[in-house]
Amino acid sequence: MASNKVVFSVLLLAVVSVLAATATMAEYHHQDQVVYTPAPLCQPGMGYPMYPLPRCRALVKRQCVGRGTAAAAEQVRRDCCRQLAAVDDSWCRCEAISHMLGGIYRELGAPDVGHPMSEVFRGCRRGDLERAAASLPAFCNVDIPNGGGGVCYWLARSGY
């Protein structure tokens with residue numbers, strides 16, 4: 001009798017554990033894709049600076065139009081990579097880059113969303129700017145925990 005109670009208790013515990021794990025995983029899956037969400041502290045002024053990654057802004061703009069001397073570009077790249085690595089929480093890096101992109105759009109008077117082929121500034125299309133920004137973690141060889149080969153998750157979500 002006691003062994004039946006033990007077996008029943010173990011089975012009940014196993015079922016409850018599986019149900020809890022399934023409910024937790026369902027929160028992070030959407031249409032058979034894992035959805036990576038940044039930590040709640042990944043906000044301007046908390047997980048990264050209010051004006052994030054100023055040297056990365058310059059680098060992304062340079063990459064988009066393909067201009068600049070090699071020496072100047074190398075210094076900007078080093079500075080950008082240092083700033084990106086300084087974002088302590090690796091979960092916050094893509095969020096900081098996304099916020100940086102929004103800042104670039106505001107500075108240029110462009111809407112935050114638009115067609116990838118639309119020109120954001122002379123010689124630079126929105127899609128090219130966003131690809132350059134999203135690939136900064138891979139370019140700088142800094143960790144982002146989304147398993148996307150160093151490319152920020154929101155680029156894959158945007159469809160280009």
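A Cβ is built for glycine as well, from the same backbone N, Cα and C atoms used for every other residue.
Sequence annotations record features per position, and here Swiss-Prot assigns disulfide bond to CYS42-CYS92, CYS56-CYS80, CYS64-CYS124, CYS81-CYS140, CYS94-CYS152 based on similarity to another entry. Look at Swiss-Prot and you will find 1-26 tagged as signal peptide.
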Helix, strand or coil at CYS124 (disulfide bond) [DSSP, three-state]: strand
Nearest recorded site to CYS42 (disulfide bond) by CA-CA distance, among disulfide-bonded residues CYS64, CYS81, CYS124, CYS140, CYS152: CYS152
Inter-residue C-alpha distance, CYS152 (disulfide bond) and CYS92 (disulfide bond) (nearest angstrom): 11
C-alpha spacing of CYS56 (disulfide bond) relative to CYS64 (disulfide bond), in angstrom: 12
Candidate disulfide-bonded residues CYS92, CYS94, CYS124, CYS140, pick with smallest Cα gap to CYS80 (disulfide bond): CYS140
Using Cα positions only, nearest of the disulfide-bonded residues to CYS140 (disulfide bond) (CYS56, CYS92, CYS94, CYS124): CYS56
Fewest other Cβ within 10 angstroms of its own Cβ, chosen from the disulfide-bonded residues CYS56, CYS81, CYS152: CYS81
Residue among the disulfide-bonded residues CYS42, CYS64, CYS80, CYS94, CYS140 whose Cβ has the most other Cβ atoms within 10 Å: CYS94
Euclidean distance between Cα atoms of CYS81 (disulfide bond) and CYS56 (disulfide bond), Å: 8
Conformational class of CYS80 (disulfide bond) under the three-state DSSP mapping: helix
Pairwise Cα distance for CYS92 (disulfide bond)/CYS81 (disulfide bond) [Å, integer]: 15
